[in-house]
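Per TrEMBL, the features are as follows:
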BINDING   106, 111, 116  oxalate binding site
BINDING   109, 111, 116, 155  Mn(2+) binding site
DISULFID  34-49  disulfide bond
DOMAIN    61-209  domain 'Cupin type-1'
SIGNAL    1-24  signal peptide
């Protein structure tokens, strides 16, 4: 009986080991470097490698300055992913800087391809995520503190301080993908039918149309 249990445990361990690569945010790299050729017409899962690589391909200065938060959300995301930083192609990592005006927010959204971890540079933020069983985990974080948002779960950040706030975010994907919930539902093209959203939110279609108008 003990031997059978050992074999079952060993078999489970092998299955988990074989499955591990498929659970990663990005596939494993097959060479030392593969700087993205963003101008290539070739379409594939990721980006093809460019031929002539320099040290500048592995350098990005875009996170050192605050972004413009003069918008409806009162926040700005400056991305350092493969679309702006070709050197991270195939490396399975990327970063971003998020700036918040007083009372600004990074609205509820998801990253389908990555877990996100943030380091607070300045300010006071209320952050949180919601699990698939609709449980909210929330925390107030300040400068020098860290919070993590599991891959694929809806999460948000809200500036609760009287001054600006900023974080550095890191992702275990070269291109994490972002779906902002409100924009996805109310500003899709072509639009999600208003009666579908009205039934989902238990309101009438006129209210849905009024919300859609705010996102045009």
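Yeah, the Cβs are placed from backbone N, Cα and C, and that goes for glycine too.
Values in this document were obtained by computation on a predicted structure and should not be read as measured data.
Taking the features listed in TrEMBL, we show where each one sits on the structure.
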| residue | record | Cβ contacts under 8 Å, 6 or more apart |
| --- | --- | --- |
| 34 | disulfide bond | 49, 89, 90 |
| 106 | oxalate binding site | 73, 75, 77, 98, 100, 156, 157, 158 |
| 109 | Mn(2+) binding site | 154, 155, 156, 178, 179, 180, 181 |
| 111 | oxalate binding site | 149, 151, 152, 171, 173, 176, 177, 178 |
| 116 | oxalate binding site | 148, 149, 155, 169, 170, 171, 176 |
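Neighbours of the Mn(2+) site: apart from 109, 111, 116, 155, residues of the same chain with C-beta atoms within 8 angstroms of the site's C-beta centroid are 110, 129, 149, 153, 154, 176, 178. Secondary structure by DSSP for the domain 'Cupin type-1' (61-209): 22 helix, 59 strand, 68 coil. Candidate recorded positions: 49, 155. Fewest other C-beta atoms within 10 angstroms, 49. In sequence order, 96, 109, 110, 118, 149, 155, 169, 171, 176, 178 are the residues of the same chain, not among 106, 111, 116, whose CB sits within 8 A of the CB centroid for the oxalate site.
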